[in-house]
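Working notes, beginning with the structure itself.
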Amino acid sequence: MDYNKLRNIGISAHIDSGKTTLTERILFYCNKIHAIHEVKGKDGVGATMDSMELERERGITIASAATHVEWKDFPINIIDTPGHVDFTIEVERSLRVLDGAILVLDSVAGVQSQSITVDRQLKRYSVPRLAFVNKCDKTGANPYNVRDQLRSKLDLNSVLMQIPIGLEDKHIGVIDLVLMKAYYFEGKDGTEIIEKEIPSDLLGEAKKKREIMLDALADFNDELMELHMEGKDVPIEIICNAIRTGTLALKLCPVFMGSAYKNKGVQLLLDAVTRFLPSPHDIKNTALDINNNEKEIDLKIDNDLPTVALAFKLEDGQYGQLTYVRIYQGTLRKGQELINSRTSKKFKVGRLIRMHANNTEDIEFGGSGDIVALFGIECASGDTFCDPSINYSMTSMFIPDPVISLSVKPKDKKSADNMAKALGRFTKEDPTFKTYVDIESNETIIQGMGELHLEVYIERMKREFKAEVETGMPQVAYRETITGKAEFNYTHKKQSGGAGQFGRVAGFMEPLNKEGETYEFVNLIKGGVIPTEYIPSCDKGFQKAMEKGTLIGFPIVDIKITINDGQYHIVDSSDIAFQLAAIGAFREAYEKAKPTILEPIMKVTLEGPTEFQGNMFGLLNQRRGIITGSLEDGSFSKVEAEVPLSEMFGFSTVLRSSTQGKAEFSMEFLKYGKVPNAIFDELRKKFNDQNKS
């Protein structure tokens, strides 16, 4: 394989923008599948990339399956990413290992809420992208409008590389502004590409749009700028070099168009992927040297250097755990010995495979920059595998905290065993899915990023693991905090024969207003009134006290604790005595520091026909929502709001019924906010009643 020609790309989009259909067409044109299937299982088969039964049924892509294809002797690894906000970790994971991306947009809806989330993630990982305006055959299609939205909403320097030949039901092809040729897609499944001269009625428009394109590209190539200013013809090679330079520098987003469903424009998009998106050689990747104070190391695409690979996705295959890996340096070979830098455990590479959706191909070797999969390796998602001569870790992926929890109860003993297996598997493969046993109720609690996220795991428990479970009502992850300052001076004393316990801790607590931090401990002890070895014990005790607040039993956050005095006993003082003194001191001051309850506030985006805009406003207002913005774009309306998570349960059903199923919403965690007094009283009462019973 020529690794200079390798492309690792992702296809990212808002849900229902036609992303899986586009991937399906790419597989078809690259001869990986022999028939085209539609997504929602209309023909009883379902799209090839949506290989989980559940995905085929819902018509949404959940797991990012990796597929290897070849287009005109360019090897391409495609990671199919989910478009639903509840599966954000899948998207984050995929982007971590990509070199380039295709952002798919609906020609009518344009830039939607999830497109904005996906774009933000692409920017976080500095992923160069092309835009593909899909569904140009739809009523109301307007690729020019979408190009403008890419500028106004995503702040991308979006430049048209093509213009459509006809729109809506008259969409028959595209004009390539670089080559100045018209392309039509004919024959069964659009496999015959017909190149013709540009139709005379579109020539003027094409010339005008080409001028705009060349003006934009002049920023990326001096030779192009000079030729263009002098009114001379610019060679195609120079134009292509300028497009590639701008795209790789993240300063240009080339815009292509067509209709994946109607088989228009997909092959030209593949040409653009090979021409304008980066190879692994074009991207800088770094790792941290664990043996050298986590010093940053530049990794090189070189098969002769020690191996560094990242496990970015786990799946249950028919032969055991399947681990998807991206090789950043060196090679992976069958029988090779590697070390997991997180666990320091050595292991041997067994079966090495290349994936095609859910079919596998055994291979002997994977080179630098490639994406392959391993069977039977014990690891967690995000682990780094290295040659034993080095100890590197790829920087960890950004992992958001879960915002919703649910109790799950197995119906019988067999289901209990299967549920335990399922939970072990899910927590390994998804760092945003967490589980624990509530000590008081003895219930198993699962936590995740949203209702759909947890629903999918409940379904998977039933289908894949045959675990019949009952679920409780979704619970919100509340927090407690303080709004005032309070002093403490607490003595912990226990003398009942034998070794006693003694420790006194004094100081004060106050709100901590620091972005991204929830606790700070300041030691102002002088003169050894608390010996140095017991200071960490105090710190530990305060943190223990914060695990469960006294208002409603949720963790306490945003507190700064300062200790400035204390006392110890030469015999009775100990680590545990000062931990208990700190816990007592915390509780004493907490009641006086005006404690309050915080709730997760979500950023909610509603999109739907303008005729339902009033209904959308109404639904948000009923849920204590604060409208932060609204946009009317002809027949299409978008409303943004900040809404407490506790008000959003079951919202999708209510939204569907009040908009005839025509509106959709997405939400993501924004911040924690103080609950209103009425809700504060309600939560306190509920907590106290539970404790009494």
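Cβ atoms are placed via backbone N, Cα and C, with glycine included.
Annotated features, as they stand in Swiss-Prot:
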type	residues	note
BINDING	13-20, 80-84, 134-137	GTP binding site
DOMAIN	4-281	domain 'tr-type G'
Counting other Cβ atoms within 10 Å of each residue's Cβ, which of the binding-site residues A13, C136 comes out lowest?
A13
Confidence summary for the domain 'tr-type G' (4-281), mean pLDDT rounded:
82
Determine, from DSSP, whether A13 (GTP binding site) sits in helix, strand or coil.
strand
